[in-house]
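**Q** Questions regarding the structure given below will be posed in turn.
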Amino acid sequence: MMNRFRKWLYKPKRSDPQLLARFYYADEELNQVAAELDSLDGRKDPQRCTLLVSQFRSCQDNVLNIINQIMDECIPQDRAPRDFCVKFPEEIRHDNLAGQLWFGAECLAAGSIIMNRELESMAMRPLAKELTRSLEDVRGALRDQALRDLNTYTEKMREALRHFDVLFAEFELSYVSAMVPVKSPREYYVQQEVIVLFCETVERALDFGYLTQDMIDDYEPALMFSIPRLAIVCGLVVYADGPLNLDRKVEDMSELFRPFHTLLRKIRDLLQTLTEEELHTLERNLCISQDVEFPIRADVQGPAALAPALSAPLPPEGPLSAKAKDPDAELACSMQYDDQELEQLSRMVHRAGDEMSSLLSPPIACQSPAHRPGAEGSPGGEASPGRPRLRSGSDEEERVFFMDDVEGTAEALARPESPAGPFGWAGSTWADPQEKGQGGPGGAAGISLPASEKEEDLSNNNLEAEGTDGASLAGTSSCSCLDSRLHLDGWEVGADDAETAEMIAHRTGGMKLSATVIFNPKSPTSLDSAVATQEAASEPVAEGMDGGPHKLSTGATNCLLHSCVCCGSCGDSREDVVERLREKCSPGGVIGASYAAGLAKASDRAPERQEEAPPPSEDASNGREPKAPTSDKCLPHTSGSQVDTASGLQGEAGVAGQQEPEARELHAGSPSAHEAPQALSGSSSSTAGSCSSDKMGPEAAPAATHAAPQATREKIRSRFHGSHDLIHRLFVCISGVADQLQTNYASDLRSILKTLFEVMATKPETDDKEKLRKVTQTLRSAALEDCALCQETLSSSELAAKTRDGDFEDPPEWVPDEACGFCTACKAPFTVIRRKHHCRSCGKIFCSRCSSHSAPLPRYGQVKPVRVCTHCYMFHVTPFYSDKAGL
């Protein structure tokens, strides 16, 4: 009864501007909405329930904002520190955050659990309960004080506010940290490095003319796409020691680029092969906001291995020629991703994926022996005990665009599964060459082709070969991602392996395809590829001299010739092949470090394998070379270690002394030996291996080291059909990475670009300052001579300091009504209709038209807007026209 009487007697007015009075009515409104929400059945009237919940959240925001103002006024020196708020993302820091935290605390205190945050919810529940209790105590103390004295803050109320402020700050940090990632100081430092990289990129783009200063000053929307793309290029090749330094640990990279570490490494290797003009062409294409085409430049010649492929156009019936002639296949990633462009890009990517699948598996019309049943008499058709099988599962790695789909299969096929082969090659791989060569027409090693079909197949693939040796020679460029056990006399691979390749090709769509098509899988750097073996020259000669029916089908030959499209198996020129054979087969050759553990097992089996091979002199006299164990021509590296071939293994086991004379005899004596390198150099797909310096003789090491960069560059570039193809695929991959940042890291990228625009925007020059000073002087001349405020010399900062200290000035004296019969500004006489109005700023009398503005006057203690004249509003109230308040 006493409280009701006190409430009726001391209840503050609704129009009272004091904080306690405003809190009282805001709290009353919150209680009313809460009571109505409790009494409402949400199932009967869901719309009304939704409306009340929204209103309830709004009332909570209002109450907390007023409490925050009271704490600023009551305990300004005792506020809990909130420096951690700078680590919150921009979308979190808004005015409604306090209300959301209150709502979340009540839900947690009631027993609710944040979705996918069970552990964090259980850890925060005690704090949430304590926070809600403290908030109720604060509300009760403020309500009670509002009914007593609006101008007094008791010590009890101050203590309640301090306790609540500490709890609320602690809960804010815990709740936001559980919901969104909060950066550490190290991550902020790395992000600042990225900002510096972006600024340097824009500075370089301005110097080269890629961008204009007007685009930056106008905040051109296309820059949201152009700048990240250019930053990737600059970070990889121009400022290689910056935040995109791939030689550092992955953990030290910015979280923006950390998921793309593998892809960025391969992009960097390709960027390093570009000429300066090609780099400028790529950067210009990355800046434009329309579909781009990559013309073939006449001044930049492709590598020697690509000369025949570029000179002769592909026929329309070839699978790759259809891709090259299709304009959609050359569609570049545009910066403006509207629905139509996304649909076109999706169609193009899936079409390329279908073509990829056709490359990975032979055409149905020309079914290869790999898809034939194993009952046709071929030794490879049966499942040998040593045949490697695909493993059901592989180690989970950080995959970018699912690039490892293909390389995972290659690794699984290369892993040892039985003691029969220490390196995963066993069974029919080591079979007697005579057994393979005398299979007869009925063998399933391959199908013979008429001469016309052979010539047509060779011409379709731009292969310069003579006679019938070209069809069998095409098999020398087989690669691991297509078939781990391809032989020149047939495809000895199980149906499971081929089906797995088809499944991988079917999955390889979207940006996954671009990463798989362009780069050699599982290669630490594109400079280190696979190592060519002696079979590159020896086996084609054997097949050519044999003249047997063991020829690849048209589909198989077509697939093998273009195997570089799917795994990057590329080749050397004629001289490189012969030189590599000499260096590779030297007596001083050693095996790679990654396979050192297998040497012990291999050496135990070396005598048996040596007996299987016929003597080299006998084979040389017959025009045939001994069959070395068939191995992958483009076996990918793992963990940066060198991968040796089976011929190198045999040389280490004791046959290396015989291999060097054989290689030289092959080069000097046999006519077919000259055809093999020539055909290899003319094909668009040849071996991309590189011999490391430790496998060469001492006299050849310095020269090879000197020529290594240029040779490696040519090997990498030979994987592409030309400069335009390389630039186009780099454009697609770089755009894919940069545009992913817009989706995955929108907040960080927005913060980086915001800082970038603040730094790179045009600063006001001296001339602009002079113009501003002249305008200010002109406006000052319009000041009234009889205005006391215009004659003051106090600056705005001094007035602000006086206002902050609470030293309010006395309002000006009003001019008496009877002393003025005209408007001070327009001199219009006052009538019954045109009434008098006093300006609260200067105290003079004006008509309603000349005093139509309202503004607060903090220097006089007026917090709410009051009537002021036009002159005071323009020159004394708002700071837009002068740097002094006392004009």
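Cβ from N, Cα, C; glycine included.
Given the structure is predicted, the values throughout are model-derived calculations rather than measurements.
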**Q** Which residue, chosen from Lys87, Lys183, Lys249, Lys522, is annotated ubiquitin cross-link in Swiss-Prot?
**A** Lys87
**Q** Which candidate in Thr500, Thr516, Thr705 appears in Swiss-Prot with the annotation phosphothreonine?
**A** Thr516
**Q** Among Thr201, Thr824, Thr870, which is annotated phosphothreonine in Swiss-Prot?
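**A** Record annotation (Swiss-Prot, phosphothreonine): Thr870.
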**Q** For the set Ser311, Ser334, Ser735, say which residue Swiss-Prot annotates with phosphoserine.
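**A** Per Swiss-Prot, the residue annotated as phosphoserine is Ser334.
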**Q** Neighbour count, 10 Å Cβ-Cβ cut-off, for Cys842 (Zn(2+) 2 binding site): what number do you get?
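**A** Taking all protein chains shown, Cys842 (Zn(2+) 2 binding site) has 24 Cβ neighbours within 10 Å.
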**Q** Where Cys839 (Zn(2+) 2 binding site) and Thr870 (phosphothreonine) are concerned, what is their Cα separation in Å, rounded?
**A** 9
**Q** How many neighbouring Cβ atoms, not counting its own, are there within 10 Å of the Cβ of Cys839 (Zn(2+) 2 binding site)?
**A** 26
**Q** Sorry to bug you, but what's the C-alpha spacing from Thr870 (phosphothreonine) to Cys842 (Zn(2+) 2 binding site), rounded to the closest Å?
**A** 11
**Q** Given a separation of at least six residues and a C-beta threshold under 8 Å, show me what packs close to Cys869 (Zn(2+) 2 binding site) in the same chain.
**A** Thr824, Ala825, Cys839, Ser841, Cys842, Lys844, Phe846, Cys850, Ser851, His853
**Q** Suppose we draw a 10 Å sphere around the Cβ of Thr870 (phosphothreonine). How many other Cβ atoms does it contain, all chains included?
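**A** I count 16 other Cβ atoms within 10 Å of it.
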**Q** Can you give me the residues near the recorded Zn(2+) 2 site, meaning same chain, not Cys839, Cys842, Cys869, Cys872 themselves, Cβ no more than 8 Å from the center of the site's Cβ atoms?
**A** Arg840, Ser841, Gly843, Lys844, Phe846, Ser851, Val868, Thr870, His871, Tyr873, His876
